[in-house]
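Asker: Structure incoming, see below.
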Amino acid sequence: MTHQTHAYHMVNPSPWPLTGALSALLMTSGLIMWFHFNSTTLLMLGLTTNMLTMYQWWRDIIRESTFQGHHTPSVQKGLRYGMILFIISEVLFFTGFFWAFYHSSLAPTPELGGCWPPTGIHPLNPLEVPLLNTSVLLASGVSITWAHHSLMEGNRNHMLQALFITIALGVYFTLLQASEYYEAPFTISDGVYGSTFFVATGFHGLHVIIGSTFLIVCFFRQLKFHFTSNHHFGFEAAAWYWHFVDVVWLFLYVSIYWWGS
């Protein structure tokens with residue numbers, strides 16, 4: 001920064017976008033291999049490459065922001081705009097799944113028996129595990145807000161406690177979702193109901209895992225005193241993302257579990 005006449009961060013060449021793209025290719029190809037040929041080798045390779053990329057990319061960004069001072073107010077403003085645009089793109093991503101669901105359910109075709117849920121499908125009870133999942137995510141939304149307020153007030157211990165509670169609730173949600181999938185009386189191959197249900201709730205579950213990972217990184221960074229009350233965009237971005245995941249779940253619960261059943 002000492003040799004620059006501007007406040008912007010000129011990023012050094014990095015291999016991580018390339019390895020990240022490679023891991024995405026390996027994971028999507030691996031999913032196809034798993035679905036059609038029952039082989040998980042390519043999927044595991046993709047997941048390993050993805051984990052290594054995440055670790056090293058996060059390490060570089062933490063070095064640049066916390067230790068080298070590259071994240072000036074101007075850079076943070078750009079990162080905020082970037083995160084907002086990313087969340088908007090995610091909203092549009094999930095809109096596609098809701099569109100598919102309502103397109104199929106509002107005017108069910110004769111092939112589905114002219115009714116929704118389709119003939120032969122026994123939907124999950126929305127007042128059992130899905131309602132528990134809803135309360136778990138709403139509670140995690142409260143605890144992440146508590147963590148944010150504690151950080152703003154400089155209360156490190158409360159911030160760590162609240163962040164730990166949020167992570168625990170996120171992991172609990174994932175375990176509940178996995179058990180629900182395991183016990184579901186229908187599969188992803190059971191027509192349009194199975195495919196829209198598992199793709200929409202599955203991608204949301206993936207986002208919960210990503211959000212939990214993001215919060216775990218923030219937890220370890222807070223243990224190392226990386227965040228201050230006026231310089232903590234990494235945590236702020238994780239909190240925004242978590243609230244987004246919360247809101248998407250409410251729409252999923254009302255649409256697919258409650259109305260759709």
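Yeah, the Cβs are placed from backbone N, Cα and C, and that goes for glycine too.
Since we're looking at a predicted model, the values are computed, not measured.
Pasting the feature list from Swiss-Prot:
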TOPO_DOM  1-15  topological domain 'Mitochondrial matrix'
TRANSMEM  16-34  transmembrane segment
TOPO_DOM  35-40  topological domain 'Mitochondrial intermembrane'
TRANSMEM  41-66  transmembrane segment
TOPO_DOM  67-72  topological domain 'Mitochondrial matrix'
TRANSMEM  73-105  transmembrane segment
TOPO_DOM  106-128  topological domain 'Mitochondrial intermembrane'
TRANSMEM  129-152  transmembrane segment
TRANSMEM  156-183  transmembrane segment
TOPO_DOM  184-190  topological domain 'Mitochondrial intermembrane'
TRANSMEM  191-223  transmembrane segment
TOPO_DOM  224-232  topological domain 'Mitochondrial matrix'
TRANSMEM  233-256  transmembrane segment
TOPO_DOM  257-261  topological domain 'Mitochondrial intermembrane'
Asker: Taking 41-66, 156-183, 233-256 as candidates, which has the most Cβ pairs under 8 Å with the transmembrane segment (191-223)?
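Answerer: Between the stretches 41-66, 156-183, 233-256, 233-256 has the largest tally.
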Asker: Please work out which recorded stretch in 16-34, 41-66, 233-256 has the most C-beta pairs separated by under 8 angstroms from the transmembrane segment (73-105)?
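Answerer: Between the candidates 16-34, 41-66, 233-256, the best contact partner of the transmembrane segment (73-105) is 233-256.
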Asker: Average the pLDDT scores across the topological domain 'Mitochondrial matrix' (67-72) and report the rounded value.
Answerer: 87
